[in-house]
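Remarks on the structure that follows.
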There are 4 protein chains.
Amino acid sequence: MSNNIKRIAVMTSGGDAPGMNAAIRAVVRSCAYHGLECYGIFRGYEGMIEGDFEELGPRSVKNIINRGGTFLKSARSKEFRTAEGRLKAYQELTKAGIDAMVVIGGDGTFTGAHILYKEHGFPIVGLPGTIDNDINGTDYTIGYDTALNTVVEAIDKIRDTASSHNRLFLVEVMGRDAGDIALNAGVGAGAEEILIPEQDMGQDRLLESLKRSKKSGKTSSIVVVAEGDQIGKNILGLADYIREHLTEYEVKVTVLGHIQRGGTPSCYDRVLASRLGVGAIDALLAGEKDVMIGISHNKVVTVPFKHAIEGENEIDIELIRVADITSV
Amino acid sequence: MSNNIKRIAVMTSGGDAPGMNAAIRAVVRSCAYHGLECYGIFRGYEGMIEGDFEELGPRSVKNIINRGGTFLKSARSKEFRTAEGRLKAYQELTKAGIDAMVVIGGDGTFTGAHILYKEHGFPIVGLPGTIDNDINGTDYTIGYDTALNTVVEAIDKIRDTASSHNRLFLVEVMGRDAGDIALNAGVGAGAEEILIPEQDMGQDRLLESLKRSKKSGKTSSIVVVAEGDQIGKNILGLADYIREHLTEYEVKVTVLGHIQRGGTPSCYDRVLASRLGVGAIDALLAGEKDVMIGISHNKVVTVPFKHAIEGENEIDIELIRVADITSV
Amino acid sequence: MSNNIKRIAVMTSGGDAPGMNAAIRAVVRSCAYHGLECYGIFRGYEGMIEGDFEELGPRSVKNIINRGGTFLKSARSKEFRTAEGRLKAYQELTKAGIDAMVVIGGDGTFTGAHILYKEHGFPIVGLPGTIDNDINGTDYTIGYDTALNTVVEAIDKIRDTASSHNRLFLVEVMGRDAGDIALNAGVGAGAEEILIPEQDMGQDRLLESLKRSKKSGKTSSIVVVAEGDQIGKNILGLADYIREHLTEYEVKVTVLGHIQRGGTPSCYDRVLASRLGVGAIDALLAGEKDVMIGISHNKVVTVPFKHAIEGENEIDIELIRVADITSV
Amino acid sequence: MSNNIKRIAVMTSGGDAPGMNAAIRAVVRSCAYHGLECYGIFRGYEGMIEGDFEELGPRSVKNIINRGGTFLKSARSKEFRTAEGRLKAYQELTKAGIDAMVVIGGDGTFTGAHILYKEHGFPIVGLPGTIDNDINGTDYTIGYDTALNTVVEAIDKIRDTASSHNRLFLVEVMGRDAGDIALNAGVGAGAEEILIPEQDMGQDRLLESLKRSKKSGKTSSIVVVAEGDQIGKNILGLADYIREHLTEYEVKVTVLGHIQRGGTPSCYDRVLASRLGVGAIDALLAGEKDVMIGISHNKVVTVPFKHAIEGENEIDIELIRVADITSV
């Protein structure tokens, strides 16, 4: 225990994700539980460099477990990418008497933390907070489950119109490199086709598939497209291509956009955030540093930052088969 | 009573709107209540011309009051725009022994019904079903209240991200000619600015206003833009313009799109649809024809089609003032 | 204009209702717009007596338009019911230099305000904030529309189970004296029967109606019961009575309870709250006092407190007929 | 492959759960995919005995993935509990040419299926469909995730009122034998205390804890109570006990009841149901019988019915600690 840690800071960085507030709350309360002081750092690495800190007690985080976004705010910092910027950040942390830190964010956030640790030996533990579920070593990231529900609810609404008008809708969802949101939300929304970056379907196979759908008696169709998919990148062009070659379809496009990042977190994300927040303080007290706290097989696990930020997203072959079968 | 009406048809046409199913249900059950036969016409005027009819009893419409879209489906019909098409439609109606009809839709739907009545004397009553609230003579259209809630919920989510990142979001909502959705949802979502077709703000006044917001201490902003607004029509161009002139803002664009048409109807829309559906059968039995059934000052009223489809949308001056004051 | 009003206080009192925060926000920002100072009073009349005040600027009320409850909190005050208590309250108000006040609540709140005005001449304007919609002189109260949506969403869920199991559900909703919630949400939820305080149906007519439902082919049923209904008051007893006399039904009871008071306000309630909040400051500046600001025929109106708190709730005969017809 | 299976039946039984329709859809479409015929059995074992079967093609299950409840309906069957009843059921299945079956339900459903297999050798595979998450050998049951979200959303609403009025709310949630819902939803809702059947806290320790909460500055509290908890069983009595001993608290009780069983399934439940439905047909084609298809460590697994229905629910010690820490 101990390692002489008495004052801990917590920070969110990168794109916001539902459940970040629940994670901050768990960190702050876990500090109180262990008799540690806790400081919030505002606006990510930017605020760290500027020394924008504030002490947080257990009542500071009341009534935030259900709120989307992050009350500590988030920002990108060019300065932190320089060695000078990181030195300044380190000096602000030590000046404020902070002994260790919990950062909540995605791989960019972890990369920054990893370098700060390497350069200055500052003990940092990370929590995976991003809707993209693209972090190595954790089965789920905080915010992913909520984003899936948001996408599925949105497509449920679009399906009302699709089936009322016998239309084909192309729905673009987030996922520049990872098709997790598209694949899971596509299966959950009952999409006819799902286009993901990990797998290039090709326009012609998509056309073939849509023709088969029509023949099988389907009167309306939803195609879910991850923004990073090869043929879906230019979604308006894809719509034109389909219109040209499948004249029986009335094709419409919807880009879901930023609604996917916000919203009240799901129960799963709140519980995950609470478990990981508690786990972060446990890890720091046990002398861990330069690691992410993740969830694997429903157990809280420790993963070196180095491992968390490397690796390519793997495609879930079983789920692709489920998608194919259930859209018969 | 009577007018010898024994068999009534019901149909939805134009863009779908939440609450259309609740309206159909009320029409069908009201027919059963009065001992009349009821037929559903599928796919609007298209299905009318093709004789795509089906008898509906009170149990045919169970468990649909809460579903978005329209189970009778909707479609556009080029053929109905010709006198030959309308003659065919009239012949199908009489061949099926239908004595009168209820149509649910917007001004295009009413225009078609009005002409059919003028050419063939067929008794038709209309119900205003459109999210746009742009029909003359009724305070509310079926689907409008639900669309407002959908927009406000979406902007609530976007605001999570906006305030986490201190960003400016331009959010495009439906409304080619009418700013009702933008103005009401903008006030409801706490938007800083609302751009509507009825009022040309001009890019410069928008810039001035955003500068004032920033000075007054606002760290994030939502601008709601009706798709038909003069300077908002090209929303991507507008975003570029703001980026260029207000470099302190990080500007993002979200187009809400088709999620605004779907979804489970609100209680208000279900009750309105039920009242108007009952009112439609009352009106037909009282000998009315060539009229819309609307709501005015919370009373069910009868409005000639001719009046319903004319007139420009009026801007609500009081609400614009409320928007200005509450975004101080 | 003016009346030398420079500092205004705002307060919520009585049961909380969704939209109260939106109303506070509108009052605070309207003060800022007119160059007036604004103070929040915490915990209703209790906090008024204790001088629990805090200055509120336009940024104090950011990001609250979408939150249920009231951040100024609410409480009951025994002391305010005494002349001494009210004198103390008056003295605290004057000591703090407050010239006029906006109170948000129901008839109990208005009664208190009316007496305070009569005893001490203090200028007060009230806003109707209650889910019960039981205030005279306004078509809608702030929170009512949201409560209707909450009830309808809950019954939609219960209907899933009811129709999966062919059951009869008795669902108790709020409404001790007024059946507005039960009647509107009952129509919106497609209830088979609706029991309200204003109309005593009697157990036998309910049994008859349920028998007819069964015969007409209905396999499941929802009966919405206002808590103040004559035969529904003892809802468990009513369930037993039905079980005994209609053995073919499996009867279940659900009491919705306090979920009806909370939740994110609907767009309608947010807009209504914003309009009335702006209207309250307009009224005070125009020299009004001892009045409620309400909505009538979609216009903001001024109603003497005396009129707002008197009168019995009237039953909407037309809507009862709609309920009867649409549940055929 | 094969085993000469050509015709498969699917059935739901026991309490309904969100996602059952998604599971039926996956079974039906997987049959179509493999070229098998599929029949739906209505009203569980009751309908099996009565031969209430209907052929289902891939289009029969369109637009149901997002609907709560089960369109095949569910019922309890006394007759199936007798050997004669089961013989009759078996005869109906063979008469209809059905070669194998998928049943969706909880441990009662599996027990029935296990006996039917033992007595008549009929190949049956089960899917865990219940909100209670109390089945051995699967990490999650279909419907559980949705129920957690429903409970958390309801408590979010109650918290609005609790914190507006500084009240203590006792909220009863489902769980006669298992505290999973209470524990997870309690952590997710930020409850101060969580009472579960697996652990008897005792009234005195609850009082002590609530006193500590008050001292630590909490002004409102939510206590989540599983219906099977020792001291929470009589929730009204518990409320009285608290009122008597902690007079500073205003105590309110809400029983969430049947809203927990219904509602649109979450994305997780839809995907889980789809995977398990596909897995069920895979298993039958691979010659499996007398087994449940579950999910373990995010892989589809096969569990003998005998194992699935035995065993006590285990309490998650780590999550109890998280609950204690995050409610500091």
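The backbone N, Cα and C atoms fix where each Cβ goes, glycine too.
TrEMBL has this to say about the protein:
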ACT_SITE  C:Asp132  active site, proton acceptor
BINDING   C:Gly15, C:Arg76, C:Ser77, C:Gly106, C:Asp107, C:Gly108, C:Thr109  ATP binding site
BINDING   C:Arg25, C:Ala26, C:Val27, C:Val28, C:Arg29, C:Arg159, C:Gly190, C:Ala191, C:Glu192, C:Lys218, C:Thr219, C:Ser220  ADP binding site
BINDING   C:Asp107  Mg(2+) binding site
BINDING   C:Thr130, C:Ile131, C:Asp132, C:Arg167, C:Met174, C:Gly175, C:Arg176, C:Glu227, C:Lys252, C:His258, C:Ile259, C:Gln260, C:Arg261  substrate binding site
DOMAIN    C:7-284  domain 'Phosphofructokinase'
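This prediction places the mean pLDDT of the domain 'Phosphofructokinase' (C:7-284) at 95. Secondary structure from DSSP puts C:Glu192 (ADP binding site) in coil.
Neighbour counts were taken as the number of other C-beta atoms within 10 angstroms of each residue's C-beta; across the binding-site residues C:Ser77, C:Thr219, the minimum falls on C:Thr219. In the three-state DSSP scheme, C:Asp132 (active site, proton acceptor) falls into the coil class. For the pair C:Gly108 (ATP binding site) and C:Met174 (substrate binding site), the C-alpha distance works out to 17 angstrom. Nothing from the binding-site residues C:Val27, C:Ser77, C:Gly106, C:Thr109, C:Glu192 places its Cα within 10 Å of the Cα belonging to C:Arg176 (substrate binding site).
As a whole number, the greatest separation of Cα atoms within the substrate-binding residue list C:Thr130, C:Ile131, C:Asp132, C:Arg167, C:Met174, C:Gly175, C:Arg176, C:Glu227, C:Lys252, C:His258, C:Ile259, C:Gln260, C:Arg261 is 33 Å. In three-state terms derived from DSSP, C:Gly108 (ATP binding site) belongs to a helical segment. C:Asp107 (ATP binding site) and C:Arg25 (ADP binding site) are 22 Å apart (CA-CA, integer value). Each of the binding-site residues C:Arg76, C:Gly108, C:Thr130, C:Lys252, C:Ile259, C:Arg261 was checked for a CB under 8 angstroms from a CB of chain D; the ones meeting this are C:Lys252, C:Ile259, C:Arg261.
The Cβ of C:Arg29 (ADP binding site) has 28 other Cβ atoms within 10 Å, all protein chains considered. Of the candidate recorded positions, C:Arg29, C:Asp132, C:Met174, C:Arg261, the one lying closest to C:Gly106 (ATP binding site) when CA atoms are compared is C:Asp132. In terms of C-alpha distance, the listed binding-site residues C:Thr109, C:Thr130, C:Met174 place C:Met174 closest to C:Glu192 (ADP binding site). Of all the binding-site residues given, namely C:Gly15, C:Arg76, C:Thr219, those whose Cα is no farther than the 10 Å limit from the Cα of C:Arg261 (substrate binding site) are C:Gly15.
Applying an under-8 Å Cβ distance to chain B, the binding-site residues C:Arg29, C:Gly108, C:Met174, C:Thr219, C:Ile259 reduce to C:Arg29.
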